[in-house]
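Okay, so here's the structure we're looking at.
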Amino acid sequence: MDLVGLLKSQFLCHLVFCYVFIASGLIINTMQLFTLLLWPINKQLFRKINCRLSYCISSQLVMLLEWWSGTECTIFTDPRAYPKYGKENAIVVLNHKFEIDFLCGWSLSERFGLLGGSKVLAKKELAYVPIIGWMWYFTEMVFCTRKWEQDRKTVATSLQHLRDYPEKYFFLIHCEGTRFTEKKHEISMQVARAKGLPSLKHHLLPRTKGFAITVRSLRNVVSAVYDCTLNFRNNENPTLLGVLNGKKYHADLYVRRIPLEDIPEDDAKCSAWLHKLYQEKDAFQEEYYRTGTFPETPMVPPRRPWTLVNWLFWASLMLYPFFQFLVSMIRSGSSLTLASFILVFFVASMGVRWMIGVTEIDKGSAYGNSDSKQKQND
């Protein structure tokens, strides 16, 4: 390991990132709270401001991936479709197999200039998570409980609110509902066999109702579905901890642009279309494991400097008073003060570990009998 790599793996560096992220995130959440005063006066101005504030948070994580880790991302796509990326609203369907696949989705949005306004279909519990969850609330993310009878109206209502959104956005959806593991895959394929559907080797059976209602609600607002299939070279298994340690990964992303008018309007036909899409995604993954590449032309969209500029701004703003406080505590020589600092350091280290832990695959959502019953009804 070289000197730079050794430096990146040090916990003190991780603590600095965590401190800047948490401190700036809470400040930005507070600013977002005050923007609620604008909602009854000028809703579109409220939305535009919150897109910019949201970018200040989410871009810090993208900065870790693109600048700190130096992870490279090659997009395989049709050159005729490429000029449209970032210039239209789109539903992004991404496979859910890696701990950092959400971060790769954000990186895709960032490279085409849409990170601040981009949306996700997320678990309702995430709305209560400080910083990111609260940020999502103010940018009108769509939350679901994964219980269709509850989600039928609430998800449709939330999606309807996005029809007049003033900023371009990617709407990211993981149709599999949870990250791929062998245990979840085995249960999912039991459901597939029970429903007479073809088996998938590299994906879980997609949840079709959420996708169908998204397409129906955003039709004539969203121009296309971007079918995105993600993998990593050399059988890399990327983790957020690896990114934090500065480990460089090599992502390959196959992007197919499918005009929304090509997707059936009828819910049953739309569900059948999605199942067919995932069979094609499975075939692309199988080909990738065999050849090490995806179809179409490889392209590398350039990194934008704004994620790094944003982090440097917040770091300079947050770290100067922190180091002043640290120096004053050390100079005081008080054993109580030093003990308090050690306690804060310990709590912060546990916070870093918790934030990393929520992304780990084996800490993902349960995928058992209740989930199987839900899929039986999809």
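Every residue number used here counts from 1 along the chain in the order it is shown.
Just so you know, glycine gets a Cβ as well, placed from its N, Cα and C.
If you check TrEMBL, you get these features:
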- 12-39: transmembrane segment (TRANSMEM)
- 90-212: domain 'Phospholipid/glycerol acyltransferase' (DOMAIN)
- 308-330: transmembrane segment (TRANSMEM)
- 336-356: transmembrane segment (TRANSMEM)
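If you average pLDDT over the domain 'Phospholipid/glycerol acyltransferase' (90-212) in this model, you get 92.
Shown for the domain 'Phospholipid/glycerol acyltransferase' (90-212): DSSP residue counts in helix, strand and coil, namely 59 helix, 17 strand, 47 coil.
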